[in-house]
Amino acid sequence: MERGLPHGEGFLLCLLLHLLLQGRGNTFAINCSGFEQRGVDPAAFQAVFDRKAFLPVTNYSNPVRVNISFTLSAILEVNVQLQVMTSFLWLTMRWYNQFIRWNPEECGGIMKLSIATENLWLPDIFIKELITVDQAPTGLMAYVSSEGSVQYNKPMKVVSICSLDIFYFPFDEQNCTFTFNSFIYTVENMVLGMQMKVQDISNISRTLIQSKGQWLLLGIYQSTKKTIVGTNQYDQLVFHVAVRRRPKLYIINLLVPSSFLVAIDALSFYLPAESGIRAPFKMTLLLGYNVFLLMMNDLLPDTGTPLINVYFTICLSLMVLSLLETIFITYMLNLATTKPPPIPPWLHSLLLHCTSPMKCCPTAPQKGNKDLGLTPAHLPGLKEPVEFVQKVPGPQEGTIGCPVSARICPEDVAQKQHFVSLWIQFSRMMDTLLFRLYLLFMATSIITVIVLWNT
Ligand SMILES: *[C@@H]1O[C@H](CO)[C@@H](O)[C@H](O)[C@H]1NC(C)=O
Ligand SMILES: *[C@@H]1O[C@H](CO)[C@@H](O)[C@H](O)[C@H]1NC(C)=O
Ligand SMILES: *[C@@H]1O[C@H](CO)[C@@H](O)[C@H](O)[C@H]1NC(C)=O
Ligand SMILES: *[C@@H]1O[C@H](CO)[C@@H](O)[C@H](O)[C@H]1NC(C)=O
Ligand SMILES: *[C@@H]1O[C@H](CO)[C@@H](O)[C@H](O)[C@H]1NC(C)=O
């Protein structure tokens, strides 16, 4: 008696619990007796399959909560012209189907079953930014647990519209948005939740994207907001996918060669202007640069005006400007040596002022010679400044000519040589000045571009 009462109480409790459990899941409990011997009986699930057209809830006041997570496994393409990002992701959805419930103990311990998704109600989750229809493979399966939770994974190739800004190309970062949303269910029927934390999604995606492609995943961030369309409120999950371009290809193929060509262009100012090889050299460089731009055009974005185009334009204008400068200096030198016009007084005083540390004008070419490193080829007698000063009065050195009168010739020749030397000095000064201006312009523009790239 003493031992029987507790036993009876336990039995009663067990019965009560059983009845309660039965009562809770009674209507939709799946009779799975015999599953372990004869396999799953389709008839047992027929009631569930028949209801697949309807929300899997028993009380329509409670919405279905669909938990979402995804892993981004590849960034296939970012198309600037179409403003489209193509990526590949695995979408995982999890929700409770209240019509599915069984007792694993009666079913030989079966905790979960895989069921073809065409027999089940599926949430109509889509990504708002999609611009192609979802091409998920058909015939996918979903895992259903004895509690009624359904897990459904599907691969998605996401071609999504994304506002791309290529101003900072090739150092650009893009920020594309994925908005997960239901087609028709309002918040009264469906709410969306997170299956895992967004940091985990970001971490897993980062480790999953092993490809050394052009784009580096910086991270995935979330911002939640509900949308209201008309009088209906829809739940949605908003993710921002931040990616950065790997710029190495563009640095090696575009920026470095371009900088080399501009550097050579700047260095070519040290070629003597008098020798006449500077202009052809610069011309060749300019041609080479144009060919380079034509060849590398495919690497540049098709639309928009990225900063790199400005950079190329600056490089090209620098080359054109330096060519123009060379033409100008060559013209001046030519003018000076063939028929030097009289020096205007202001220019004379300017030249004197500029060369004031040196006492007299003819020594000025020394500075020029030192600067340019080479002697003018077509100016006999200008090999050495001292030599020049000494040799000027020599009648045999007046090769520029004094055909008519030998008597007035020496003064004439001296006068002319003086003009020539002053003009040459002036040309060299102009050359040096313009070269410095060129360097200044080059430095400021390139520093500006680099500063803009770094912001
Ligand atoms: C389950 O089905 C079997 C036959 O397949 C039947 O004998 C049993 O009574 C059913 N159990 C319940 C609780 O309906
Ligand atoms: C349905 O759910 C609502 C809200 O949770 C609750 O107030 C209501 O009593 C439920 N109806 C039934 C029949 O359980
Ligand atoms: C969805 O997420 C919520 C909160 O994280 C959790 O309580 C619920 O059980 C989840 N639902 C499913 C089906 O996993
Ligand atoms: C991406 O853009 C959205 C707005 O369009 C902004 O709220 C979010 O902070 C941006 N994320 C990053 C990482 O720049
Ligand atoms: C993500 O990964 C970083 C290192 O890669 C780690 O420091 C961080 O804790 C991780 N975050 C989460 C939420 O796991």
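Placement of Cβ uses the backbone N, Cα and C atoms for every residue, glycine included.
Look at TrEMBL and you will find 1-29 tagged as signal peptide. Under the heading domain 'Neurotransmitter-gated ion-channel ligand-binding', TrEMBL lists 52-247. Summarising the annotation, TrEMBL assigns transmembrane segment to 249-272, 279-296, 308-333, 433-453. Annotated domain 'Neurotransmitter-gated ion-channel transmembrane' per TrEMBL: 254-367, in sequence order.
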Same-chain residues at least 6 beyond the ends of the transmembrane segment (279-296) whose Cβ lies under 8 Å from its Cβ atoms: 253-254, 257-258, 261, 264-265, 268, 271, 312, 315-316, 319-320, 322-323, 326-327, 330
Residue counts (helix, strand, coil, in that order) that DSSP gives for the domain 'Neurotransmitter-gated ion-channel transmembrane' (254-367): 88 helix, 0 strand, 26 coil
Whole-number mean of pLDDT values that fall within the domain 'Neurotransmitter-gated ion-channel ligand-binding' (52-247): 91
